[in-house]
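Asks: Attaching a single structure in structure tokens format; questions to follow.
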Amino acid sequence: MAPQTETRAGAGFKAGVKDYRLTYYTPDYIVKDTDILAAFRMTPQPGVPPEECGAAVAAESSTGTWTTVWTDGLTSLDRYKGRCYDIEPVPGEENQYIAYVAYPLDLFEEGSVTNLFTSIVGNVFGFKALRALRLEDLRIPAAYAKTFQGPPHGIQVERDKLNKYGRGLLGCTIKPKLGLSAKNYGRAVYECLRGGLDFTKDDENVNSQPFMRWRDRFLFVAEAIYKAQSETGEIKGHYLNATAGTCEEMLKRAVCAKELGVPIIMHDYLTGGFTANTSLSNYCRDHGLLLHIHRAMHAVIDRQRNHGIHFRVLAKALRMSGGDHLHSGTVVGKLEGEREVTLGFVDLMRDDYIEKDRSRGIYFTQDWVSLPGVMPVASGGIHVWHMPALVEIFGDDACLQFGGGTLGHPWGNAPGAAANRVALEACTQARNEGRDLAREGGDVIRAACKWSPELAAACEVWKEIKFEFETIDKL
């Protein structure tokens with residue numbers, strides 16, 4: 001006869017489906033300095049109270065599950081659980097709320113963006129009670145920020161390495177992005193650097209394809225860098241994309257770049273992953289390489305207003321994982337980026353202490369406790385007429401990257417680079433003299449055209465080019 005089993009009511013624990021509000025919605029909770037804080041934009045399913053949704057987000061991204069389990073009694077849930085401590089409606093939106101969740105520090109592995117994201121933006125985003133969920137911001141406490149090494153070098157060390165001060169840096173993505181042979185690619189790099197740019201760049205999808213294997217590209221680009229340096233007397237660089245299918249292959253490419261003596265390499269941090277990115281950042285720090293970060297795939301994650309992760313969170317994550325440059329949008333070019341929102345996360349990349357400012361989308365005061373800053377990269381559909389706005393918006397600590405705005409010059413690559421260099425220096429000088437670039441920028445560019453035929457030709461080509469589309473990511 002088979003043994004009989006019996007579950008007795010009241011013995012051990014009370015089984016059943018949980019009402020999350022009873023455990024995880026705690027409006028009286030006093031936030032600790034060591035808590036990781038998250039602001040979620042929630043859209044509940046019809047009929048689901050926002051308090052239940054906020055509590056469910058806190059539960060499913062920390063210690064909770066859908067039912068009571070007997071092993072809850074083996075630990076202290078009050079110590080480890082996430083808590084939804086505040087909920088506020090989103091102005092002007094129907095059935096949308098900002099839920100504030102506090103997570104105790106012990107839930108997360110030290111120095112691991114991968115673990116942080118696995119918890120906070122993991123399975124909870126598929127929760128049925130929610131129609132949509134977006135992580136708008138994170139507050140990284142000083143105690144957790146200090147477990148990360150951050151960027152390999154940071155803005156000031158980069159300037160010292162390059163011996164370039166008092167102006168923004170200039171870059172150019174080599175086009176066409178795919179199809180050039182390694183030798184022709186190196187030729188384009190040389191022409192741009194000789195013309196006056198500080199950097200040129202591999203496009204994000206240039207890895208090691210049949211038309212141009214990575215080692216060939218590295219060798220021809222290194223030759224171009226050294227030739228341009230010898231002719232101009234300036235330190236030059238090219239973002240050699242080390243992104244690869246495995247971490248081992250990625251690091252092999254980084255080692256080759258180091259042996260060639262080039263100053264900077266590149267990684268696609270979202271497609272490559274945070275574990276790979278942190279490993280590459282550590283290598284760059286140990287071996288004196290700067291690390292340029294491209295954000296390919298970001299719009300899949302951050303462009304929808306109601307669901308996903310805002311780019312300011314991805315930018316914070318990159319600062320912790322490690323990178324000296326990060327693409328940040330332009331405000332004025334062809335790619336998405338509203339001015340106040342963009343300036344908000346640019347400050348989160350560069351500054352050491354950033355005050356809460358909801359007008360710029362910053363939900364929490366952030367203290368990076370001396371973690372090195374990341375230089376923003378403005379790239380995408382920009383040309384010489386945009387230079388006054390770019391200098392006014394980004395200031396000096398930014399890399400302004402003109403791809404088509406260099407290579408599309410009617411006289412060739414080197415004149416295109418010269419036009420951008422003249423425009424940058426003219427705008428920087430005008431700003432330093434106290435002129436208002438927002439109002440007088442066009443006059444500054446036109447005046448510079450009188451002594452730079454390269455700039456005059458560029459201004460004529462791009463005088464009618466505009467990208468007039470409504471931005472999606474608004475406050």
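Glycine residues also receive a Cβ, built from the backbone N, Cα and C atoms like all the rest.
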Asks: Can you match one of His327, His409 to the substrate site that Swiss-Prot gives for Asn123, Thr173, Lys177, Arg295, Ser379?
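Replies: Looking through His327, His409, the residue Swiss-Prot assigns to the substrate site is His327.
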Asks: Return the single residue from the recorded positions list (Lys177, His294, Arg295) that has the minimum number of other CB atoms within 10 Å.
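Replies: So among Lys177, His294, Arg295, the recorded positions given, the one with the fewest Cβ atoms within 10 Å is Lys177.
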Asks: Judged by the number of other CB atoms within 10 angstroms, which among Lys175, Lys201, His327 is the least packed of the recorded positions?
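Replies: Lowest Cβ count within 10 Å among the recorded positions (Lys175, Lys201, His327) is Lys175.
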Asks: Taking Cα-Cα distance, which of the binding-site residues Thr173, Arg295, His327 are within 10 Å of Lys201 (Mg(2+) binding site)?
Replies: Thr173
Asks: How many whole Å apart are the CA atoms of Lys175 (active site, proton acceptor) and Asp203 (Mg(2+) binding site)?
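Replies: On Cα coordinates alone, these residues lie 8 Å apart.
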Asks: At 10 angstroms around each C-beta, which of the binding-site residues Asp203, Glu204 has the fewest other C-beta atoms nearby?
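Replies: Per-residue Cβ counts within 10 Å for the binding-site residues Asp203, Glu204 bottom out at Asp203.
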